[in-house]
Amino acid sequence: MDPNDAFSAAHPFRWDLGPPAPAPVPPPPPPPPPPPPANVPRELEELVAGYGVRMSTVARISELGFTASTLLAMTERELDDMMAALAGLFRWDLLLGERFGLRAALRAERGRLMSLGGRHHGHQSGSTVDGASQEVLSEEHDMAGSGGMGDDDNGRRMVTGKKQAKKGSAARKGKKARRKKVDDLRLDMQEDEMDCCDEDGGGGSESTESSAGGGGGERQREHPFVVTEPGEVARAKKNGLDYLFHLYEQCRLFLLQVQSMAKLHGHKSPTKVTNQVFRYAKKVGASYINKPKMRHYVHCYALHCLDEEASDALRRAYKARGENVGAWRQACYAPLVDISARHGFDIDAVFAAHPRLAIWYVPTRLRQLCHQARSSHAAAAAALPPPLF
């Protein structure tokens, strides 16, 4: 008898001496953290690096609560307000290079984000086009196998084409809206520059008048007023001249409000009626006050302020003759030239000396007429013979 059999009989339970079990498979390593998306704005310090903006200035901007995302979403006017607040609250001397450097950094970051977004969009659109082409190929293959095309496939393709056409039209409308917004902002900035030039040199105040008064291909402006006597109320849809002069008084009140708000916020306050005043008037609901209309009749208001009796007599005469407001407007130049002759043909000094006219720019046409009158007066004086005694 085998001794192993005897041991097995004595010990029925016995360890299995087979091959060892395989070692447990170690768990897979955790995936690496996802890289930060490339289309997320960088930190403010990284954004302005290399553009000449001091770190102390960046710290002050951060203390005001501005981040890179906030600055990228701000307009040019809001950036100006932020810089004015930085100079007003912290008394911080913001260098000129820092102002331009910050704007350049924001433009570069916007361009980077737009390029990344366009690349990502192009990749998605490319994959979509590939999928669509594969679907079309498979449908053509099925159609070739079946010998024709079903009505369901035709209807599905028509619906898909309509959806794509709607998406394309929506994208075009969005581009047009963005382009119009940029054009309006550029035009607004150009008008502000024209106002600055008017404050420096006093010229160019009748650019709208010259463009509307004739010449070129501009449409003749329709006069919204009729000639009325003092105290007369106009009928129909047009207004009288008393209402016109009242608009200039309203502009003066709007200028005072803009000046008080500018002083309250520590901004530069305008000394004359500029685009800022017209924008404020539109903002508070006085949309009937606009720059072309007020600049067009400013010399008529000047005659009303300087010599009210002559202005009233002129109104009565033109009302009796049935003249329109355009002829009355042209007739208002001659009395003003006579008034300037008493002050050496210096019409700017005449405007500056009157409290209600000092806030208005002298019309270019009126200044030219005064200059011509001064030249003709000097030529006539030179042609006179010298006195005999």
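Each Cβ is built from the backbone N, Cα and C atoms, and glycine gets one as well.
Per Swiss-Prot, the feature region 'Disordered' maps to 1-41 (among others).
Annotated compositional bias 'Pro residues' per Swiss-Prot: 19-39, in sequence order.
What Swiss-Prot lists as region 'Disordered' is 141-226 (among others).
Residues annotated as compositional bias 'Basic residues' in Swiss-Prot: 159-180.
Positions annotated as compositional bias 'Acidic residues' by Swiss-Prot: 190-201.
Taken from Swiss-Prot, the feature DNA-binding region covers 221-225 (among others).
A simple way to gauge crowding: the CB of Lys268 (site 'Interaction with DNA') has 9 other CB atoms within 10 angstroms, across all the protein chains here. The site 'Interaction with DNA' annotation in Swiss-Prot covers Lys268 (among others) and is backed by similarity to another entry.
Using a 10 Å radius centred on the Cβ of Asn275 (site 'Interaction with DNA') and all shown protein chains, the other Cβ atoms total 17. Sequence annotations record features per position, and here Swiss-Prot assigns site 'Interaction with DNA' to Asn275 (among others).
Among the features that Swiss-Prot reports, site 'Interaction with DNA' is placed at Arg279 (among others). With a 10 A radius on its CB, Arg279 (site 'Interaction with DNA') counts 16 other CB atoms from all the protein chains.
Residues or ranges marked as DNA-binding region in Swiss-Prot (evidence: similarity to another entry): 290-297 (among others).
The site 'Interaction with DNA' annotation in Swiss-Prot covers Gly326 (among others). Under the three-state DSSP scheme, Gly326 (site 'Interaction with DNA') falls in the helix class.
Per Swiss-Prot, DNA-binding region is recorded for 361-364 (among others).
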Helix, strand, coil: count each for the residues of the DNA-binding region (290-297), based on DSSP.
6 helix, 0 strand, 2 coil
Number of Cβ atoms other than its own within 10 Å, given for Gly326 (site 'Interaction with DNA'):
15
Would you list the DSSP helix, strand and coil counts for the residues of the DNA-binding region (361-364)?
1 helix, 0 strand, 3 coil
